[in-house]
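*Asks:* Take a look at the following structure, please.
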Amino acid sequence: MALTNTIITSWKLQEIVAHSSNVSSLVLGKASGRLLATGGEDCRVNIWAVSKPNCIMSLTGHTSPVECIQFNCSEERVVAGSQSGSLRLWDLEAAKILRTLMGHKASVCSLDFHPMGEYLASGSVDSNIKLWDVRRKGCVFRYKGHTQAVRCLAFSPDGKWLASASDDSTVKLWDLIAGKMITEFTSHTSAVNVVQFHPNEYLLASGSADRTVKLWDLEKFNMISSSEGETGVVRSILFNPDGSCLYSGSENTLRVYGWEPDRCFDVVHVGWGKVSDLAISNNQMIAVSYSQNNVSWYVVDLNRVKKSGSVIQGLIQDKPIPAPTSALGTTLRRNYERPTTSCTGQERSPSSEDEKEDKESSAEITNPEDYKEIFQPRSAISRTPPKRTEPFTAPLEHSFSESVLEKPVAVVTTSVTSPSRPVPIGLNAGDFLSVTSVMGDEEALAQIRKGHDTMCVMLTSRYKNLDTVRSVWASGDVKTSLDSAVSMNDLSIVVDVLNIINRKPSLWKLDLCTSILTQIEELLQSKYESYVQTGCISLKLILKRFWPLISDTLTAPPSVGVDITREERHRKCKACYKQLKNLSNVVKNRAEQVGRHGSTFKELQLLMAPLYC
């Protein structure tokens with residue numbers, strides 16, 4: 001037998017405890033791929049060097065959880081938006097705060113720096129986009145058009161356009177000079193999580209919760225590509241630096257796409273969970289994800305990933321496919337004109353207000369050695385060339401050659417993390433390790449069947465209930481279908497029906513509201529995250545569609561004579577108002593919580609503001 005070593009394509013680089021409470025946001029520095037900023041429910045922003053275990057700097061000043069973060073293009077500044085709607089901008093080289101920007105009425109959930117450096121854009125749960133002049137410390141323009149939270153913002157490479165992605169399933173393109181919307185892309189069927197401009201050509205990519213990645217032509221303003229095959233929500237996208245392909249990150253999977261025609265070059269399974277951000281350095285992809293207060297780094301070796309060639313999914317392999325037109329060759333589209341202004345900020349003298357902010361906020365350097373190595377050399381004259389970062393070394397994966405089949409062997413497993421740990425004298429590790437016996441067929445089947453009967457009974461019951469609801473739904477009576485689901489006293493059935501209705505908001509009628517608002521109250525207080533999410537979406541749709549009608553009906557003067565239709569509508573609106581009043585207390589209590597649900601409930605609290613009067 002021979003034991004051989006093979007280099008793997010992707011691996012977990014490191015896992016750290018990033019905050020004292022849950023991590024709520026993070027971002028990688030795209031210029032270096034070696035810098036990470038994390039925001040937490042502890043109201044702090046921590047700065048890390050990729051692959052190093054200790055925090056370089058901890059930035060304080062926010063009084064509510066940090067919901068989003070962004071580096072500028074030179075990675076010398078970082079801005080963070082909080083759940084309260086405020087923004088704070090720090091200078092990492094000087095280790096001090098530069099600005100505090102106020103203006104949003106709800107949580108800030110997206111940020112981006114202008115390529116020219118002195119402007120930044122912010123998007124909020126209040127559906128507004130604000131453009132800020134960092135030098136003047138004020139909002140210079142507000143863009144209105146989205147109807148729900150703005151989840152991602154991206155400036156074009158030439159700095160003339162701004163793209164925005166929203167929970168309302170749309171992508172909008174804004175002209176910064178004219179101060180108005182250029183166009184709107186509406187092909188996504190669910191919330192759009194991320195947008196990114198092509199590094200050279202007039203192309204825009206977007207990734208959505210509808211499990212698709214779409215590409216848009218910014219000359220003709222039409223869709224030129226839509227992916228198929230994503231197994232989960234698309235959370236991150238990134239163009240290759242030369243623009244030849246697009247990387248898409250969803251749960252545990254990296255996909256590589258081409259366009260014109262649509263192609264999937266490669267699929268790499270990475271155990272990164274819900275990946276939050278991607279960057280490329282030394283032809284390696286650096287990816288980060290978080291869970292609770294832990295952050296994990298992953299590396300994908302792009303030298304071992306297919307970025308061109310034939311399709312691997314969905315097309316006939318025998319037919320040759322024309323090579324894609326990339327940024328390396330002749331392009332059919334216009335290229336961006338790059339701004340000549342550097343993104344490095346100019347020095348300014350602090351005002352009295354800034355001095356007050358300095359007292360309220362701080363930049364605590366927790367690792368002076370790493371801080372000097374990463375940030376200080378930029379502002380000092382160096383006689384030697386800057387130190388070049390080396391690619392991360394891939395761990396070796398053990399595999400057996402064909403000779404393993406010739407005779408049985410004993411394999412000894414050693415610890416990867418502590419190869420040099422000394423063996424205690426006088427102790428035999430075998431005395432403490434149980435011998436793993438080979439499981440027989442009957443024992444294996446018994447293990448598989450464990451709990452099977454209970455699960456079958458539960459699924460059979462649920463299937464019968466859903467089949468009953470479906471038969472009523474087939475008659476076209478949505479109200480009766482929903483009533484039958486409610487009468488079954490099974491919230492899972494109610495959630496299934498609501499998810500269908502929410503996909504087509506036009507199905508919502510005032511009659512449905514009177515039937516379901518009591519159930520929504522139970523969903524909002526459920527311990528299951530999916531139930532809470534469905535309850536929030538349903539309540540949001542009800543408020544947006546029917547609150548104006550309910551309010552106008554209840555405040556209208558009494559009618560003259562008998563109007564049965566009006567009286568019936570008044571009765572339904574009064575019942576809905578009473579139920580919404582009860583729900584407003586639940587929403588108010590949940591809005592005080594931190595985390596993602598707290599942000600959602602704050603948005604609902606804004607919509608229910610008239611009920612608190």
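Even glycines carry a Cβ here, placed using N, Cα and C.
So TrEMBL has the following annotated:
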- 327-349: compositional bias 'Polar residues' (COMPBIAS)
- 350-362: compositional bias 'Basic and acidic residues' (COMPBIAS)
- 450-608: domain 'Katanin p80 subunit C-terminal' (DOMAIN)
- 323-395: region 'Disordered' (REGION)
- 16-58: repeat 'WD' (REPEAT)
- 59-100: repeat 'WD' (REPEAT)
- 101-142: repeat 'WD' (REPEAT)
- 143-184: repeat 'WD' (REPEAT)
- 185-226: repeat 'WD' (REPEAT)
*Asks:* For the repeat 'WD' (101-142), what is the mean per-residue pLDDT, to the nearest integer?
*Replies:* 89
*Asks:* Going by DSSP, how much of the repeat 'WD' (16-58) is helix, how much is strand and how much is coil, in residues?
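*Replies:* Across the repeat 'WD' (16-58), DSSP assigns the residues as follows: 0 helix, 21 strand, 22 coil.
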*Asks:* Counting by DSSP secondary structure, give me helix, strand and coil numbers for the repeat 'WD' (143-184).
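*Replies:* Computed counts for the repeat 'WD' (143-184) are 0 helix, 23 strand, 19 coil.
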